[in-house]
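These notes concern the structure reproduced below.
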Amino acid sequence: MSAENLNWITSVPIGMSIGLIGLFLNILSIATWSNICRNPPTRKTGITALSFIILGVVDTVTLCFFIASDSVKAAFPWLIQTYAYAWFYSYIGFPLNFFCIVSSIWIIVHLTYDRFTLITQHTERKHGQIIRRSLLLLAIIFIFNLPHFFNYHPVMSVTNGTHGENKGREYYTYRATEYGQSRACFQYEFWFHCMGAVIIPILLVTVLNALLLREILITSHFVLKKMSVSSISSSIYEFDGSTVNIVQMNPNAEMKRIQNDQSITKTLLGLTFTFIILLTFQCVCQCLWMLHFNGDADARVWETVNSFYAFARLSVVVHCVINCLLYCFTGTLFRRELFKLFGLRKPLPSIPLPC
């Protein structure tokens, strides 16, 4: 199968299907977390819910721009020849698609750091602080993304046909600007995309999750050790000056907490590995494609690179869907509120979640 056919398959049937499924899941996630914020019994988790709402909004917009600037273009080739789409792709679709992709990746870094400080340092967070940090992060990404608005521009072209109704027919399309073809543009794409959008986030997420897993394992080991040396009815004495406070250890509650920590551990491991695999694959293929291997003497090299790039473009789309599945649908609180959202009630124990 040719690379051109692979690009069409990954853009239209596969890409559009994954994109629409991701849109549905993320919209459902936003609605559920919004309900959690409004519900008095779960309002104490509103800070975490707000972070997940921001992630859901960013991923939803990312999927919308992928469908508009990639899937729709491949499904309806005649759209490319209209001035409206050429203008849209040049000044909205292409630059904002990059902005959304980078924002989605860095929101994960922000969310990972937020979770890390919550569990390890027990720092108190406020709604305003979360919103300000998220807006500041998006503003910085938008500023660094500004050169993408100058990569393409709409132009009028003429068909090369020599006879028939298409002879000399005028149509609009988008083409790379002088800057878009320059060496400066290539250097910017390499450092902004490969380094700023992939390598640095991968390192940060990996390190933060590793430290977080270490903290969870140490805490679980400490709790198990305490439970092993004390019976169910035993007490732990805490001395505060001359006062002795007796704190009863509840084995059932502690076991539930350990099970919850183990669940978070599996989620973090799954998230880290999928994050690394998907973004690394996308980065390598993107960099090879940017190096213009189509100019190689051996056309088979470019055909192979182009074929891999067809699948690599789906990495970010799949990543947006996996974000929703791992961060939201694996959580006990989220599933319980999701059942309530659809009018179903699933009796689950209410335990404090560190996420």
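Each Cβ is built from the backbone N, Cα and C atoms, and glycine gets one as well.
Taken from TrEMBL, the feature transmembrane segment applies to 12-33, 45-68, 88-109, 130-150, 190-212, 267-291, 311-334. What TrEMBL records for 22-327 is domain 'G-protein coupled receptors family 1 profile'.
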Contact call for the transmembrane segment (45-68) and the transmembrane segment (190-212): at least 3 Cβ pairs under 8 Å, seq gap 6+ = no
Across 12-33, 130-150, 190-212, 311-334, the most C-beta pairs under 8 Å with the transmembrane segment (88-109) come from 130-150
Remote residues contacting the transmembrane segment (311-334) - C-beta distance under 8 A, at least 6 residues beyond either end = 6, 10-11, 14-15, 18-19, 21-22, 25-26, 29, 32-33, 36, 42, 45, 52, 55-56, 59, 62-63, 66, 70, 101, 104-105, 108, 111, 260, 263, 267, 270-271, 274-275, 278-279, 281-282, 284-286, 348-349, 351, 353, 355
Counting only residues 6+ away from its ends, which parts of the chain sit with a Cβ under 8 Å from the transmembrane segment (190-212)?
-> 98, 101-102, 105-106, 108-109, 112-113, 115-116, 119-120, 144-145, 147, 268-269, 271-272, 275-276, 279-280, 282-283, 286-287, 290
What mean pLDDT score does the domain 'G-protein coupled receptors family 1 profile' (22-327) have in the model?
-> 79
